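Chemist: Residues or ranges marked as transmembrane segment by Swiss-Prot: 13-35, 50-68, 75-94, 109-131, 152-174, 194-216.
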Amino acid sequence: MRLLPKMGGVISIWLTSTLLAMKYLTPLNLAIALLSLLSVNPLMYMKKDFSLVFPILLSALAAYILYLNPTTIYFLLAYSILFIALKFVNEWRIETKIGAFALTFPFPMMALAYGAGLMEILAPLTLLFSLTAFNLFLADSRIYGRVSAKNYLAIIPLALIFYILSHPVLAAAVTAAAIVVTVKANSISVRSFGFSLLFLNLLFVVGFLALDFAGLL
């Protein structure tokens with residue numbers, strides 16, 4: 001069984017979530033990030049082989065983080081539902097979406113392991129979720145149909161969430177990039193489209209980290 005999720009561009013969501021937690025980076029948190037990525041396929045297929053060691057180790061680390069930071073319980077309950085759903089959903093398009101949200105796991109867990117509080121996590125996690133939802137909606141339209149007016153309308157809630165929860169400069173940059181990616185989506189290859197979404201994710205995380213480092217968030 002392949003170790004990495006066969007879900008196309010959703011690994012970029014994992015990368016974004018991991019990079020978003022860079023200021024919390026420790027050996028423990030690096031292990032959390034890697035085990036999160038390596039646990040998706042074993043949980044989906046539940047084959048009785050060595051790969052099950054990854055979700056077992058991830059569960060052990062999650063329990064340890066819960067011991068360190070009781071706030072962890074809220075996130076564990078939410079993400080447990082996502083990881084369990086991977087086992088029971090057989091529709092590929094739905095499976096991909098669930099997998100993408102499950103792979104946002106590193107950021108909150110790395111922050112919690114470092115001792116971050118609930119309010120410190122909620123705003124960036126909401127931004128990450130909103131961008132993930134936008135990307136998934138746009139990708140679904142691009143791959144299985146055509147990008148249409150509904151995809152342009154989806155930019156509105158994305159922009160509002162970013163303007164409310166982040167710095168105006170970051171909100172403007174992400175909104176502008178989202179518009180460009182949406183406009184170009186139908187006219188470029190699927191591969192180029194995937195790189196465009198990766199660029200959008202990296203623009204968000206680099207901008208967020210830079211503004212956070214500068215004390216502007």
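Positions of Cβ are set from backbone N, Cα and C atoms, glycine also.
Worth saying up front: this structure is predicted, and the values here are computed from it rather than measured.
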Chemist: Out of 13-35, 50-68, 75-94, 152-174, 194-216, which stretch touches the transmembrane segment (109-131) the most, going by CB pairs under 8 Å?
Modeler: 13-35
Chemist: Excluding the flanking five residues on each side, which residues at least 6 beyond the ends of the transmembrane segment (13-35) place their CB within less than 8 Å of a CB in that stretch?
Modeler: 54-55, 57-58, 61, 65, 100-101, 103-107, 109-111, 113-114, 116, 124, 128, 131-132, 135, 198, 201-202, 204-206, 208-209, 212-213
